[in-house]
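Dumping the structure here so I can ask a few things about it.
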Amino acid sequence: MLEQVILFTIIMGFLISVLISPILIPFLRRLKFGQSIREEGPKSHMKKSGTPTMGGVMIIVSIAITAIVMTQKFSHLSAEMFLLLFVTIGYGLLGFLDDYIKVVMKRNLGLTSKQKLIGQIIIAIVFYGVYHYCHFSTGIRVPGTHLSIDLGWGYFILVLFMLVGGSNAVNLTDGLDGLLSGTAAIAFGAFAILAWNQSQYDVAIFSVAVVGAVLGFLVFNAHPAKVFMGDTGSLALGGAIVTVAILTKLEILLVIIGGVFVIETLSVILQVISFKTTGKRIFKMSPLHHHYELVGWSEWRVVVTFWTAGLLLAVLGIYIEVWL
């Protein structure tokens, strides 16, 4: 029965995304919700200017419908599922506002860093308020063991850091056709397996719903992309994967399973530190995927390489938790 629920969930998530896309993409094009390409980015990306963005709407709709329907068939809407949907939709709405400012109000940078940070923190605080009210654990568990370290109120700081940092890290990865869609599918697939192993079936169903939704989106987002997810999708996915890690008490393992997102973020941080302190850049451009483009790799080669790295890291994460 449970295996059938998981199978139907991924199929449903995939089909909803695939069926929504042919309706939403022309609609976005008619509204002229096209992506603006920053001039300081790789010159090869200029031809992508005008490609419909805000496609993350179809991902969020697919996730929400699939997760709610399949959870109701299996049991009921739990506190875990509520928190997962709240963060996903909340961060998605924040990303939608950012995208709207970029494409409609023609402010290429969207929300200011301060505005986006305030929005991310508010959502994180509400999340933690519900999390604390439901008496969920404030401890972090060492992967592969039963050892848990209770952080008390320090866990609140960790949650804020993870949700803000994690959503931004995933957002940074969304720079090439299909890059984030593929890496997100792999990472959520790994968490689905681990949640299932913990008998956290609601979290597993949600994670599989995300896998189906992003794979359906990937049909239209693979190179050459017909639509971009925008911050609408990337912030939603970032918030979602952090929430999954928190609910499964795999906060530490997120660094490995989401290793591609971590590496992308570190490349930006190191680039800034190096330039500020020495006046020299470590990479030709950051995030890291742009560096490989500028050394001559094709976009597709970069994407497949990052997918492969993400898959290897996901397998490593599962191995540490289940078999180590």
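Numbers here mean position along the shown chain, with the first residue as 1.
In case you wondered, yes, glycine gets a Cβ from its N, Cα and C as well.
OK, Swiss-Prot features for this one:
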- 5-25: transmembrane segment (TRANSMEM)
- 50-70: transmembrane segment (TRANSMEM)
- 77-97: transmembrane segment (TRANSMEM)
- 117-137: transmembrane segment (TRANSMEM)
- 147-167: transmembrane segment (TRANSMEM)
- 176-196: transmembrane segment (TRANSMEM)
- 203-223: transmembrane segment (TRANSMEM)
- 227-247: transmembrane segment (TRANSMEM)
- 250-270: transmembrane segment (TRANSMEM)
- 302-322: transmembrane segment (TRANSMEM)
Would the transmembrane segment (250-270) and the transmembrane segment (176-196) count as touching if the test is at least 3 Cβ pairs under 8 Å, pairs 6 or more apart?
yes
Between 50-70, 77-97, 117-137, 147-167, 176-196, who has the most Cβ pairs under 8 Å to the transmembrane segment (227-247)?
77-97
Do any residues, 6 or more residues outside the transmembrane segment (203-223), come within under 8 Å Cβ-to-Cβ of it, and if so which ones?
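Beyond its ends, the transmembrane segment (203-223) has Cβ neighbours at 5-6, 9-18, 21, 25, 55, 58-59, 62-63, 66-67, 70-71, 74, 80-81, 84-85, 176-178, 181-182, 184-185, 188-189, 191-193, 195-196, 229, 233, 237, 240, 244, 247-248, 299-300, 303.
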Where among 77-97, 117-137, 147-167, 176-196, 302-322 do we find the most Cβ pairs under 8 Å to the transmembrane segment (50-70)?
77-97
May I ask for the residues of the chain that lie six or more residues beyond the transmembrane segment (302-322) and have a Cβ under 8 Å from a Cβ within it?
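Non-local partners: 143-144, 176-179, 182-183, 186-187, 189-190, 193-194, 197, 223, 250, 253, 256-260, 263, 289, 292-293.
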